[in-house]
Structures are given as C-alpha cells and as structure tokens.
C-alpha cells in the first residue's frame, strides 16, 4: 500500500508540472484602460507555448457585449499562419496585430484613432491544443473637453453682483471647472462663490479690486481646455442727471409739437379768412351788361333815325359822335362808378345842326334798363 500511494503521488505531481508548463499568457499590468478619443491603444497579450502543445495555433480578439444575451463580436483573427483583420466593420482599417508574426508569442492588438463608440470589453483568446488561455481588457474611450466659452453676465458696477460662466459643449463626464485669476494679486475676490460642476463663479457685492483677467479650466481624466474673460468694475452712472436729461428732451419735444400744431392751425384759419373775403367782394360787384342787349339798342335806334327828322328840335337832345378809336371792351369791363353823373348841357336845335349833330330819338327806359 505504501508503494502504491507513492506512485500515485509521483504521477499527480508530473501531471501538475506539465499543466503548469503548458500554454500561458504572460502579460501583466492593468486590465482597465482609459484613453482619449483620437489616440491609439495597445492591448497587450504575450504568451508562451509548451512542448506538448502540438495543435494549430489560433488567436482571436473579440468584443464582449454589455448584454449577456447578445453574441460577442469577433474583431481580428490569426489562424493557419494568416491574419484576418476585417471581421468587425466599425474597426475596419483601424485594428491590426502588433507583431507581423503573432506565432512568435506576441498576440497583442493595436487600435488606431479611438472613438467613443470603441468603449467595451475586449478578450484575447489563444488556443493550441491541448493548451487554451485568455485575457480581458476593459477599454474606456473618453472625449476631451472642447474649447470652453467664457462670459460675464450682470451689471459691471460697484456694489452689484456679477456671474462668470464657463461651459464646454463636448467632454466625457465627470468634468469639472476651475476658475483662477491671472492678473493683479492672482487671488479670487473674498466674496466669490464657485461651482465646479456648472462652471459658474458669482462675484457678490463687486468692488473695483475685482477687476482683472480670469481664466477657466475645463478638465476631465483625459484632457484640459481653458478660456479667459476680462472683468471691469466701474462706478455706477449718475441716474439723476440721466432722468433730468430725459425729462428736458420730452418737454422740448412737446413744445415743438405744440408750435407745429399752432402754425398749422394759424395757416389754415388765414386761408379760410381769405376765401371768405373773396366771396364777399364778388357778391358786391353787379354783373356786367350784356353786349348783345347793347347792340340791339343801337340797332333799334338806327332803324328809327329816319323818323326823327320831322320831330321838333326842342324835343331832341344833343348827340355827340362816338369815338371809335377806343376799345369797347374797356367800357364794358370797367366797374361802375359811384360818382354822380353831371346832367348834359342843353343846346338849341339850330346850333346843333350847324355843329353837324345828328338828331336821334332816345327811347324811354324803365329802371332795369329795358326799352319801353
């Protein structure tokens, strides 16, 4: 029984020794890696083979799904002394083996131009029958903070509150904002309130000493970006003078409007008065005599000339020869005169005949000027 027990122990030790000296992955170090987008990463997978590993060498890198119910995605494969690097379309052209001949013991994988979508768990699996070994890496691709934008909000007067803001559009959380002063004594105002999460700094009851240049840094675990802002605290303006000036301007404007309205009303009243005077003048002037009626009166007088010769000279009035060199229109267009007309002088009939006068009969007329 003692010899049999000793034989079994020796056999067991030999088997354990052979197993320990078989296929092994010798890479060490962190299995959780954080990288910034745009960088490259090397997932190390060094291995050694045992003398009894006689089967074909197969190397496979795969992306483990976050959900256990999903299948893993094969990324890159080495089999039959050939490398196949186009299995996974999202990493196509950006992934390859670190060694041109992985069978020499280097199955490490390089990923170029990292993206945030490359985040995941990657597994290196090496198989050479009867040996099998694997190693996993948790890769986290983080986005650097984008260039932050600094701004100042609030009144820049002494005794007022001002808020300095800093914000990055892109960047993987957690991300914090740090404010510092780069001018003067480089110390923040004593009443400054910082918020590292939102990136705001409130300057309460600001004084002239708070004026200067301030810098904000946006940072996370993979990068840092910054921006600056100038702050100038001044004395508040004289509001009483501004109010007085506004009131004076309003009064001047009202006076100007009143003058314009007064001038318009005066001009309108004057024009209306002139029209009324013109209407009164036209009503006082009698209408001119008709030329047709005057011509008819001369015609009737001429037709009766022959019968006037037998009338006695005492019944005749003198008749002077009309002057034809004057324009008749002037006589008709001339307004009537209000001066009294002197009575015509009487002369004897024989004297009138010697003077060449022609006796005419003047028909009687009524008040409106018509012949009776």
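Placed from the backbone N, Cα and C atoms, the Cβ positions cover glycine too.
Quick caveat, the model's predicted, so the values are computed rather than measured.
The feature topological domain 'Extracellular' is assigned by Swiss-Prot to 23-241, with sequence analysis given as support.
Here the Cβ of residue 45 (disulfide bond) has 27 other Cβ atoms within 10 Å, regardless of which shown protein chain they belong to. Annotation source Swiss-Prot lists disulfide bond at 45-124 (among others), citing sequence analysis.
Positions annotated as domain 'Ig-like C2-type 2' by Swiss-Prot: 130-234. Here the domain 'Ig-like C2-type 2' (130-234) has a mean pLDDT of 92 out of 100.
The disulfide bond annotation in Swiss-Prot covers 150-227 (among others). Here the Cβ of residue 150 (disulfide bond) has 18 other Cβ atoms within 10 Å, regardless of which shown protein chain they belong to. DSSP assigns residue 150 (disulfide bond) to a strand.
In this view, residue 166 (disulfide bond) is surrounded by 24 other Cβ atoms within 10 Å of its Cβ, with every protein chain counted. According to Swiss-Prot, the disulfide bond annotation covers 166-216 (among others), on the basis of sequence analysis.
Annotation comment: Swiss-Prot describes 205 as N-linked glycosylation site, evidence class sequence analysis. Residue 205 (N-linked glycosylation site) falls outside any helix or strand according to DSSP and counts as coil. Proximity of residue 205 (N-linked glycosylation site) to non-local residues of its own chain (separation of 6 or more, Cβ distance below 8 Å) is seen for 159, 160, 161, 191, given in sequence order.
Sequence-distant contacts of the transmembrane segment (242-262) (same chain, at least 6 residues past either end, Cβ-Cβ under 8 Å): none. The transmembrane segment annotation in Swiss-Prot covers 242-262 and rests on sequence analysis.
What Swiss-Prot records for 263-372 is topological domain 'Cytoplasmic', and it gives sequence analysis as the kind of evidence.
Positions annotated as compositional bias 'Polar residues' by Swiss-Prot: 291-317.
Residues or ranges marked as compositional bias 'Basic and acidic residues' in Swiss-Prot: 318-336.
For the disulfide-bonded residues 45, 124, 150, 227, a Cα-Cα cutoff of 10 angstroms around residue 166 (disulfide bond) retains 150, 227. Among the disulfide-bonded residues 45, 124, 216, the ones whose Cα sits within 10 Å of the Cα of residue 150 (disulfide bond) are 216.
Residue 216 (disulfide bond) has a Cβ environment of 24 other Cβ atoms inside 10 Å.
Residue environment of residue 227 (disulfide bond) contains 17 other Cβ atoms, counted within 10 Å of its Cβ in all protein chains. For residue 216 (disulfide bond), the spatially nearest entry among the disulfide-bonded residues 45, 124, 227 is 227, judged by CA separation.
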